[in-house]
Amino acid sequence: MKAQPKASHFIDGEYVEDTDGTVIESLYPATGEVIARLHAATPAIVERAIAAAKRAQPEWAAMSPMARGRILKRAADIMRERNRVLSELETLDTGKPIQETVVADPTSGADAFEFFGGIAPAGLNGSHIPLGQDFAYTKRVPLGVCVGIGAWNYPQQIACWKAAPALVCGNAMVFKPSENTPLGALKIAEILHEAGLPKGLFNVIQGDRDTGPLLVNHPDVAKVSLTGSVPTGRRVAAAAAGNLKHVTMELGGKSPLVVFDDADLDSAVGGAMLGNFYSTGQVCSNGTRVFVQKTIKDEFLKRLKVRTEAMLIGDPMDEATQVGPMVSWAQREKVISYIEKGKAEGATLIAGGGIPNNVSGEGYYVQPTVFADVTDDMTIAREEIFGPVMCVLDFDAEDEVIARANASEFGLSGGVFTADLTRAHRVVDRLEAGTLWINTYNLCPVEIPFGGSKQSGFGRENSLAALEHYSELKTVYVGMGPVVAPY
């Protein structure tokens, strides 16, 4: 098989196999071919991973932030040296085109290790509080054992985005990738340990929806960070609340992208395409509700149709391919069902809408699809599709579009295209979302916080803000004089 790992799990610095677990077949989305067979973690494997993390964490926390950061930066260097190999593995794992993975996936993961490794000495400072004769100080301390639960759209990136801040704060992590994309996280574990990470600090176990509760409910776990769907997030948050665990949730969205009539039209079309078709539309922050001012709608749709139909769909390993398959057969069927709902509910199909005829019939392909004349009450405008389906809605005025954009249970992200920067700032101030873009879309460098509001989650990934979610403040009051007691 093309990508068979040494074993299913990586625990305490070594590969571990346990064939008692349910078989997980890793399928190449472009062909449906089995490229690896792994096993889900049994309860014994879960216990072993958490025990290793708990055992290793105190000594790691006692190291200086500089020493911890040095290891992460070394891991970043190794990832960059092996970018091509990691990118090819990511393409096999997800089906995303190699032209995407070589610039986006391992690269972003390496950036996370470099960023958090570099800010460790300065980012983990406390404060000094003068109190007259006395004083107090605060310090940031690690939480302990953290659990990371990944999604299947950016498996390597997500593993690094969670591991980097957790480790630099002095925690240990047990990471469970999606059963659809089990391979990348194992390579990240290898690289971290090659870079000098002590054993037991980053463990990877495979599993499905039955494995997550074993991790989330474990009494030795202090923190859970999930990237996934809203229903999964609700279940995990409810379980974590029972033991008062720290939680970060990066969930789904149905984000608005607003195009005003003074926008650079080609840039707006390009932004809408990036915000709907990159990674075959499997991006949580996608601006899938594209609100276009009526005066430019026809020209916007004309240019969008031409560019969408010119996209190259094909073999993800071909450097020319711009659109790959969905991650799984089930996801493709879900997307096709939403396209059919859009047609049935009266939306106008502008481009795509089916399965391309130039690819393997065994692959999980869907054409990039554009609907116009979409109304706010249509299913495709309300529910997260998580595929290459763009909904174009029209509007007249600013107040109107803001109210409609906010009329959603989600609040992950949003965007505005306009030449009027005063209006741009005014609009983003009123949009109910955690991450917003002006005259661009879906750029997420590790230097900036990323996360949502409302049903799209809470907490933040990346930037200095992430340190707050993998540590807690300890306050120390220092008395400098005799104790005065009334008794």
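A Cβ is built for glycine as well, from the same backbone N, Cα and C atoms used for every other residue.
Classification of Lys162 (active site, charge relay system) by DSSP places it within a helix. Swiss-Prot lists Lys162 (among others) with the feature active site, charge relay system.
Counted within 10 Å of its Cβ, the other Cβ atoms near Glu250 (active site, proton acceptor) come to 27, all protein chains included. Per Swiss-Prot, the feature active site, proton acceptor maps to Glu250.
In the shown protein chains, 24 other C-beta atoms lie within 10 A of the C-beta of Cys284 (active site, nucleophile). In the three-state DSSP scheme, Cys284 (active site, nucleophile) falls into the coil class. Sequence annotations record features per position, and here Swiss-Prot assigns active site, nucleophile to Cys284.
Counting only same-chain residues six or more apart in sequence, the Cβ atoms lying under 8 angstroms from the Cβ of Glu461 (active site, charge relay system) belong to Trp161, Lys162, Thr248, Glu250, Pro449, Phe450, Gly451. Sequence annotations record features per position, and here Swiss-Prot assigns active site, charge relay system to Glu461 (among others) based on sequence analysis.
Other Cβ atoms within 10 Å of the Cβ of Ser26 (K(+) 1 binding site) number 23 in total over all chains. For Ser26, Asp93, the entry in Swiss-Prot reads K(+) 1 binding site.
Here Swiss-Prot flags Gly150, Ala151, Trp152, Lys176, Pro177, Ser178, Glu179, Ser229, Val230, Pro231, Thr232, Gly252, Cys284, Glu384 as NAD(+) binding site. Classification of Thr232 (NAD(+) binding site) by DSSP places it within a helix. With a 10 A radius on its CB, Thr232 (NAD(+) binding site) counts 18 other CB atoms from all the protein chains.
Using a 10 Å Cβ-Cβ cutoff, Leu244 (K(+) 2 binding site) registers 8 neighbours. For Leu244, Lys454, Gly457, the entry in Swiss-Prot reads K(+) 2 binding site.
Per Swiss-Prot, cysteine sulfenic acid (-SOH) is recorded for Cys284.
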Protein Cβ atoms within 10 Å of Asp93 (K(+) 1 binding site), excluding its own = 30
Just going by other Cβ atoms within 10 Å, which of the recorded positions Lys162, Lys454 has the emptiest spot?
-> Lys454
Neighbours of Val230 (NAD(+) binding site) among binding-site residues Ser26, Asp93, Leu244 (C-alpha cutoff 10 angstroms), in sequence order, are none
Between Glu179 (NAD(+) binding site) and Ser26 (K(+) 1 binding site): CA-CA distance (Å) | 8
One of the recorded positions Leu244, Cys284, Lys454, Gly457 has its Cα closest to the Cα of Thr232 (NAD(+) binding site), namely Gly457
Between the binding-site residues Glu179, Gly457, whose Cβ has more other Cβ atoms within 10 Å than any of the rest?
-> Gly457
